[in-house]
There are 2 protein chains.
Amino acid sequence: MVLRYPNGKPYQPILPKKNKNNHENIIFGNRGMSLEDEINQSNQYYLQQDTAVIHKKPIPIQIVQVDYPQRSAAVIKEAYFKQASTTDYNGVYRGYYLDFEAKETHNKTSFPLNNFHEHQITHMKSCIKQAGICFTIIKFTATQEVFLLPASILFNYWNNQENGRKSIPKSIIEKNGFKIKYHVKPLIPYLTIIDKLIENLHKE
Amino acid sequence: MVLRYPNGKPYQPILPKKNKNNHENIIFGNRGMSLEDEINQSNQYYLQQDTAVIHKKPIPIQIVQVDYPQRSAAVIKEAYFKQASTTDYNGVYRGYYLDFEAKETHNKTSFPLNNFHEHQITHMKSCIKQAGICFTIIKFTATQEVFLLPASILFNYWNNQENGRKSIPKSIIEKNGFKIKYHVKPLIPYLTIIDKLIENLHKE
C-alpha cells in the first residue's frame, strides 16, 4: 500500500540508501533524508540547547469515527485530511516569533510557486503585520543546496504571478536569500541567518 | 458511538442546551459552549481585525493506513492519538510570542493540576527562556468565570506538588490572575490582559 500526504505525494520512509557508489554517502551524508526530517532534527537540537523553541505543527485531520477496543488504545477508523490554515513551523527565538514553511524542489533553475497555497501566504502576511519573522527554507534536491528566503521576496513573486512568471529563479534565491551550509549540530543551522535578519531589523 | 479525546474525556458536540429554565439561556448566552470554542472564536475575530495571529494546533496523530477510493478524498482508516509535545495555542501579537493552554474545571474552589502534563509545563518553561509570554486561560464552569493566569504562578504550584497540594486555590487565581469578562467582539478579550502584562515587562 502506498501512503500519501494530503498533497498526493507518496509518503517515503527514511531508509538507508543503496548507492552504486558508496563514496556518495561520505560526501552527502544526509542524502535521502527529507528536508522536513533535517529541520525537525535541527529544531530538536536547538530545543535541547535552550537556543529556540520551534515545532512542526501536526497535520490537521477531521476525525469521523473512533473505536475503543478494550484494554487497547483508541483507534481512529475514519478520518480525513483537512487543509492547514497556517504554515508548518512556528515558535520563539530570542523573543522573536518565527514562522516558516520548508519546501524541497527537484527543479534545478527555479522554485515553482505552486509549492505554496494562498492561505499560507495570507498567514505569513498576517504574521508580519504582528512583527513576526517569516521565511521559507528551500532545498534544491539535485544539488543538496538549502536556502533561507525572507517572506518579502516570496510575496513579490507570488503577487506578480498574473504577469506569467510562476516560479522564483534560483539566481534570485541565491542573490536575495541566504545559503545555509550543512553542519553537524544542528544539521541545518538556520538560526544563524535569523541572527543576521534580526541585526538588520535593528539597523532599520 | 461515543467519541473520545486522547485523555479519555468524551467528545461533546456543541448543541443548544435544553434547560429546565429558559431564562438561563438569556443570562448566560454562552453556556454550553466549550472554552475551546470560545477561544477559537475570539482568535478568529482577532485575526480578522489584524490584532493578532493565534491558532490552536491540530491534535497530533500517528497515521497507519490510508485508503484512496477512486474519485473521492483519501480516507484515513487506521490512526492513533499521539501525546502533544507542546501546549495547544500559540501565535504572535505586537511582536510578542504567545503560548498558552485553555482548561475548564467543574471544581468550585480550586483548579486541579492534573489538568496539565509534565511536557506542557516543560514546553512553557522553554518558551519563557526565549522571552515568550506563557499563560493559562482557566474557566470555572460552575460560575462561568474565566481567568488568565500567568505561567509563573502555575509553575510555583506545579513545582511544589510533592508538598501535597495538587491544585491551585481559586482564591490565588483571583488574586494573582486576571479575570476576563465575557464580551461580544471578541467573546473572551484576553489580549487586553496581555497588554497589561507587556506594560509590566517594560516597567521591570
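Cβ coordinates are placed from backbone N, Cα and C, and glycine is handled just like the others.
Keep in mind it's a predicted model, so treat the numbers as computed, not measured.
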Open item on the list: Using only what TrEMBL says about Mg(2+) binding by B:THR86, B:ASP88, B:GLN120, identify which of B:GLU78, B:GLU101 is listed for that site too.
Closed with: B:GLU101
- [ ] Using C-alpha atoms only, work out the spacing between B:THR86 (Mg(2+) binding site) and B:LYS103 (site 'Transition state stabilizer') and round it to an integer in Å.
- [x] 15
Task: Local Cβ density at B:LYS103 (site 'Transition state stabilizer') - other Cβ atoms counted within 10 Å - done: 17
Open item on the list: Just to confirm: which same-chain residues, 6+ apart in sequence, have a Cβ under 8 Å from the Cβ of B:GLU101 (Mg(2+) binding site)?
Closed with: B:THR87, B:ASP88, B:TYR89, B:PHE116, B:GLN120, B:THR136, B:ILE137
Open item on the list: According to DSSP, does B:GLN120 (Mg(2+) binding site) sit in a helix, a strand, or coil?
Closed with: helix
